Amino acid sequence: MTQNVDDLHERGGARDIIHMHGSLTMALCAACGHRWPCRTELTVASQCPACQSVGSPRPDIVWFGEMPYHIARIEAELARADLFVSVGTSGAVYPAAGFVQMARQAGIRTLELNLEPSLGSHWFHETRNGPAGTIVPDWAEETLAALASVDHLP
Ligand SMILES: [Zn+2]
């Protein structure tokens, strides 16, 4: 799951990303709720392809004060996870800031990878600080090596 509204995860090859704050590659009609892929600029003259309303299309992202998307699915994913890893967040914006507590309550191991300790660092079993470009690949290599050694046990 991501709070990012860009498509960098998808461009990096990730699949099945949950965009809890929506996506800049989608448009939403404020009049009828229709959503559609949109990579063009939206203006007051933009028209909804479903209801033909003019001026109602907007980026399909969650503004401040609006409810994030997919919360039920995120809670379900957290309940069945083996590991919760938080990468690059301040830990200041709820509900995402509360996911680590939900994971802990579900008995899931938690890891924070962040430039500096977040506001919620104390909730994590383990915290590693540094640039994501360094600590994420290091952690991934370490994890893959540990998994490979488990695979080779007699
Ligand atoms: Zn519409």
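Cβ from N, Cα, C; glycine included.
Whatever TrEMBL says is automated annotation, not expert-curated.
As recorded in TrEMBL, the features of this protein are as follows:
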DOMAIN    1-154  domain 'Deacetylase sirtuin-type'
ACT_SITE  H21  active site, proton acceptor
BINDING   C29, C32, C48, C51  Zn(2+) binding site
Cβ packing number for C32 (Zn(2+) binding site), 10 Å threshold: 12
Cα separation, H21 (active site, proton acceptor) to C48 (Zn(2+) binding site) (Å, whole number): 21
Output field, Zn(2+) shell: CB within 8 Å of site CB centroid, site C29, C32, C48, C51 dropped: A30, A31, G33, H34, P49, A50, Q52, S53, S56, P57
Neighbourhood of ligand 1 - recorded positions from H21, C29, C32, C51 with Cβ under 6 Å: C29, C32, C51
Spatial separation of the residue listed as 'active site, proton acceptor' from C51 (Zn(2+) binding site) - C-alpha basis, Å: 24
Between C29 (Zn(2+) binding site) and H21 (active site, proton acceptor): CA-CA distance (Å): 16
